[in-house]
Every structure is written in C-alpha cells, then in structure tokens.
C-alpha cells in the first residue's frame, strides 16, 4: 500500500521527480505557449479596450499563482511543523521566489494595463495594495531564509513566519478594502456568479492559467531538487572533514 | 512575573540609550514633516493623523531589537526559558515592558505633537484613544519579530522588513479612526476593528513568540 507520505523520503522524491520534472516542464511550455498565442493572436479586440484587453492572459494567471504559491507555502510549512518532513520545508523554500516573481509580474502587467485604462500606472486601490503587501511578505520570508545558517532552525522560523504572515495578510486585505474603495474591477471569473467574460476570452484564459500552474509546479520541483542536492553536498563535505 | 516586569523596566530606564530614544525620534519626525511638506495649515491638518501614526509605528520599531538582545547575549534568556513561569508569560511581560517604556510615552506625547501638526481639535481625543488601543498590538507584534531575529548578528534591518508588513492592519485602522474622528464621521467600525486586532494579537502572538524563542534556543 503506497501512501502520499512516501514522497517525504528524499530518495523517493528524487526518483519520482527524475521523470516527472521533464514531463511537467515540457507540458508547462506547451500549455502556456498555446494559451498565450491563442490569447494574443486569435481572440477579437474588445470593443472598448481594444487590444490592451489581451494583457489579461498574463495578468490573471500570474495573480492567481502569486496567491496560490503562498497557500502552497502555508500547507508545506504546516506539514513541516507537524510531520517534520524535510522535503516539505525545502519545497516551501523553493516556492517563495517563484511566488515573488509571480507577484511582480501581476503588479507590472497591472500597471501596464492600468495606464491606458485608468489613466494611471498605480492607484492605492485595495487589490493593488494587498498585492504590494503580499510582495513585502514574500521579501521578508525569503530574507529570513537567507539570514539563518542552520537549515532546521531556518525551516522552523520561516514556517512560523509563514503562519503568522498568512493571518496578517488576510487582515491587511480586509483593512485595505475598509480603507479605500477601488478602481479595480471585481473578479472576472467566479464559481458562483454567472458569466461575465465571453468564452472567446475565457477559453484561452483557462489554458494560460493551467500553463502558469504547470510552470509553478515545474519550478518548485526543480528548486526542491536543487535544495536536496545542496543538502547532500553539504553532508558529503561534512563527512569528508570528519574522516 | 511582576519581578520580571520590574527588572525589565529598571534595565530599560537605567541602562541608558534605549529609553526616550523612541520619543525623541517621534518628536523629530513631527518637526521634519512640516519642514518637508510646507507650513500650510490645511495640508498639515489633513495629513496629521497619518503622520502621527506612522511616526509612532517607526518609533516603536526603533527599540524592538533591545527586547531580547541583551538577555540573549548574557545568557539570561536561557535562564528565563527554564524558569518556572511559562515562556509565553515571559514573552508577554517583555512585550508589556516594551509598551510601558515605548508605547505609553508615545501616547502621552502624541497630543503635543498634534498641536505642532495642526491636528483638528475634535481629533485629539481619538488620537489618544487610538494610540492607547493600538500601541499594545505594535509591541506584541514587534516582540514576535524580535524573537524571530534574536539569534542573528545583524538582525536590525531584517527585523524591520519582517515587522512592518505585519503592522499594516493596525496602522490602517488606527489612522482611519483618527481621521474619521477629525472629520466627524462615525467611528464605531474602525474602533472595534482596532480593538479587535489588539485583543487578537495579545491573545495569540505570545504563543508564536515563545515557540520561536524555543527554536532559537535549541
């Protein structure tokens, strides 16, 4: 009977990701390219926004993954705190830079989109502000990992920071909504409400979202593998010194 | 626990340097802002609540690394961790001592600086109330940050990077409470949310801080 927790064993994880990583990476390339090319070249221009609407195919997937990366870090940190699996802590560490870049892409594409549509690169809108706060939290998390030498202490401290940071990120989000009414439109895609985006846009958007999710998984797997190899190297060096 | 509180207060006041530094920083900030933005009374009145809150927050930040640093260096933190009182209690007392030496003077000085910044007369009461309610949260959150960075050689800058994002909700509700009070708008929501954040932080964060100290002492 095989269980999910088998992959907490670094050797098993390395064996599995050995063939899984290329599969995920190549499918990420294919799916993202399909979504973006379809979105950029084979969708009609919006009757009011013109071709600027097409930046949605970068903006929405990256924003989605920026939030999901943090949620994944939260789950991985909890697994580390509860079950002490090193792979989990290393996966959280590997996910942080990816999430940071996704946040930057979302902020940048949002600014580029906002300039022609709202007439401003930046506005202190609740959604924009929340993302800026998320960006700062990613920075703090990465800086704390970088500052601590002992890997287990680093994993523990960053895990606690991730848990506390999640609570304050949510608080900040509601504080930002309380503090200012925004320019940003509501959610384009939602599970409850009816369609607000035409299928001509929605289909390539879903493909790009899947592509970005695959990119994220591929990068996290590659990052985790690097961290595991890094650990093994350090262990070898230490053993060499002992001998 | 009371003995620990008195010890921390004595150390903070007598050991020189730390105590009063935050207050002086707050004063300098309130002087520098009008020099920077110009003496226009209407402009100053509009930005006064925010400036005072940001000033209080930065002044609080200034003395955070002293919460645990000295005890860490001379080893008394190890003794406190093995003492009969729980570490959560120690952490709470440390936060309380930080609040009494930093937060409380800020609350008392804020109305004077409000005069300098041309704060509207209706807002003075709300300024004191919001700081009185909000600064304990700043101390408790800051204690968590100080606990995270206690083992690091150059933790000061990292401490600000970690703590400032966590200060955002407190800052938003605190400054909003003052500016709504100044404009004569209803203040119940901001007041309740600010009090809620403080109560929640005081109730939960000492456990996180104590856990983090145990990890650092391992």
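Including glycine, each Cβ sits where the backbone N, Cα and C put it.
As annotated by TrEMBL, domain 'Cytochrome c assembly protein' applies to A:18-184. Sequence annotations record features per position, and here TrEMBL assigns transmembrane segment to A:20-42, A:62-82, A:94-116, A:128-148, A:160-179, A:199-224.
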So if I exclude everything within five residues of the ends of the transmembrane segment (A:160-179), which remaining residues of that chain have a CB under 8 angstroms from its CBs? That is, six or more out. 70, 73-74, 77-78, 81, 92, 126-127, 129-130, 133-134, 137, 140-141, 144
When pLDDT is averaged across the domain 'Cytochrome c assembly protein' (A:18-184), the result is 88
Would the transmembrane segment (A:94-116) and the transmembrane segment (A:20-42) count as touching if the test is at least 3 Cβ pairs under 8 Å, pairs 6 or more apart? no
Between the stretches A:62-82, A:128-148, A:199-224, which wins on the count of C-beta pairs under 8 angstroms to the transmembrane segment (A:20-42)? A:199-224
Residues sitting near the transmembrane segment (A:62-82): Cβ under 8 Å, six or more positions beyond its termini, same chain? 88-89, 91-92, 95-96, 98-99, 102-103, 105-106, 109-110, 131, 134, 137-138, 141, 155-156, 158-160, 162-163, 166, 169, 209, 212-213, 215-216, 220
